[in-house]
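Here's what TrEMBL has on this protein:
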| type | residues | note |
| --- | --- | --- |
| DOMAIN | 146-247 | domain 'Fatty acid hydroxylase' |
| DOMAIN | 429-599 | domain 'Very-long-chain aldehyde decarbonylase CER1-like C-terminal' |
| TRANSMEM | 6-24 | transmembrane segment |
| TRANSMEM | 36-54 | transmembrane segment |
| TRANSMEM | 88-106 | transmembrane segment |
| TRANSMEM | 153-173 | transmembrane segment |
| TRANSMEM | 303-321 | transmembrane segment |
Amino acid sequence: MSEEGFLFLRQYGIYGIFLAKGMYSMYQEEITKERWCLHLFVLCMLRLAMYQAWTSYSNMLFLTRNRIIVKKGVDFKQIDKEWHWDNFILLQGIVAFSVLYMFPTFETLPLWNKKGHHSSHSSSCSNLRATVLQPTQIDSCLIHLIAAGHATFLEHLLLTVVIGVPIMGSFLIGRGSLMMIYGYVLIFDLLRCLGHSNVEIVPYKMFDAIPFLRYILYTPTYHSLHHAEMGTNYCLFMPLFDAMGNTLNRKSWEMHKKNWLDSGKNGRAPDFVFLAHGVDLSSALHAPFLNRSAASLPYYTRIYLLPFLPVTFVVMLLMWAKSKTFLHSFYNLRGRLHQTWAVPRFGFQYFLPFAAKGINKRIEEAILRANRLGVKVISLAALNKNEALNGGGTLFVNKHPNLKVRVVHGNTLTAAVTLNDIPKDVSEVFLTGATSKLGRAIALYLCRKKVRVLMLTLSTERFRKIQTEAPADCQKYLVQVTKYQAAQNCKTWIVGKWITPREQNFAPAGTHFHQFVVPPILQFRRDCTYDDLAAMKLPEDVEGLGCCEYTMERGVVHACHAGGVVHALEGWSHHEVGAIDVDRIDLVWKAALKHGLKPVSSIR
């Protein structure tokens, strides 16, 4: 079991104890204490669901991008710091459980108590005066929802007291009820989520219509100033107490109005866009707006997420019926805004003949949108540049000859990464997918280096066409083969077309498998070694990067993504579509290294 899975089970196993004891008590009516365990479990689950719902909403950049207050991404360092952000809910559940055992009086409460409503309201208002955030570690972090749960153990205890005082007060005067507990705790969390969401959702006109309301209800903008400027806006929920304590930031209302008015405008246009797509239904659950922690790690199938696959299937059908390309994530590099947009399609759909037209329409719409926004470079990911689909992007460039945005497939750098990973002393390689765009470029490059290339293809015509592109004195190094048996003595395999474990068995022991095929091949042979897909690590000065790209490690992106980044950094004015220019492979490789990108093999 992975460390992530172990921590998940360890933490949520305690909630399981609450559930088990609560369910047991349903069959043992004389044991009333343990019935509280069921309520504690339900309340904790509702609280977790509320925080998750707010987190998902605030990270849905396709909905919130123009209303984000602090326009910075959350990086891996901050995500790690806040990994156990939800521990405070578990702590408060354990404290509540302990109190219930210490004070048996609380065992039998009515579902509803009319007098309790006023009591809870009065206690809550008094309590809000003391509910402040003192400057701690959180102030050095970008404000966002999960930051609300990141604090010291002492602060978590103080927050537990803040929540518990009104509840205990109502209990002690005999006016408590189950509905009061649920209502108070969930409203407390709701308002706390509102302030930390980093997305302005409170209309400023509401305050213009009822001016005093601005002292009763705080806004995300209001609370963001507490983190931006020390010494102001301490109070949670009610700015009135900041005004009484002379700690209210005088810019609060002006900034709130400005942020709301700006939400109706398009924000800053990206300089670079990577146009991606879904791989499979399971990988869709890796999106940062669904599970930020999981998205910050390389993708793999997480067992605890499998129950959500039916929901993902329904969403896939809805996106297929009616959905446009959407903003997935972003980061900054040397003052440039880089965004990842996602075409709402999954890998299998690209192989359905009747779906091709619709997919190309979505890609074309994204390119034209990028052109209108003033994007410099848009890079096509994986199947979005499939030769059979759109000729590696040629279809769009030919259809729209006046595009200002540069369309890039990034495969020149993919070829460069693959080629530079091959040891210099290799004299023979076996190449599958040999007549594909990348296969052709790799074969032509290697034959110029006097490396013998066994090109697996049944098409003599396509082989001959590639062979004639090579210099006359290098053509002899390109050899057509039609069976895997031809590579039984070759220990360097370059896989551009998916191969089965049975086909891998033809490779001799000690073979190293290089690959540029998606999805990557199964690492079946224990007596062989395997490369990952061609990839590069982004420069160290990248900012706000907090999600992994599919199976890539943190900070590592597919080579085609990196190729688009290099194209943008270099300011090249040409489109990179269609066939790969073999003469530019070394040029693009040197440019990538110059800008601080690193091949994955060099950082292992």
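Even glycines carry a Cβ here, placed using N, Cα and C.
A TrEMBL annotation is a machine prediction, not a hand-curated record.
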>> If we skip the immediate neighbours and take only residues 6+ beyond the ends of the transmembrane segment (303-321), which ones have a Cβ under 8 Å from one of its Cβ atoms?
In response: 5, 8, 278, 281-282, 284-285, 291, 294, 344-346, 349
> What does DSSP give as the helix, strand and coil breakdown of the domain 'Fatty acid hydroxylase' (146-247)?
Replying inline: 69 helix, 2 strand, 31 coil
>> Considering every residue in the domain 'Fatty acid hydroxylase' (146-247), what is the mean pLDDT value?
In response: 85
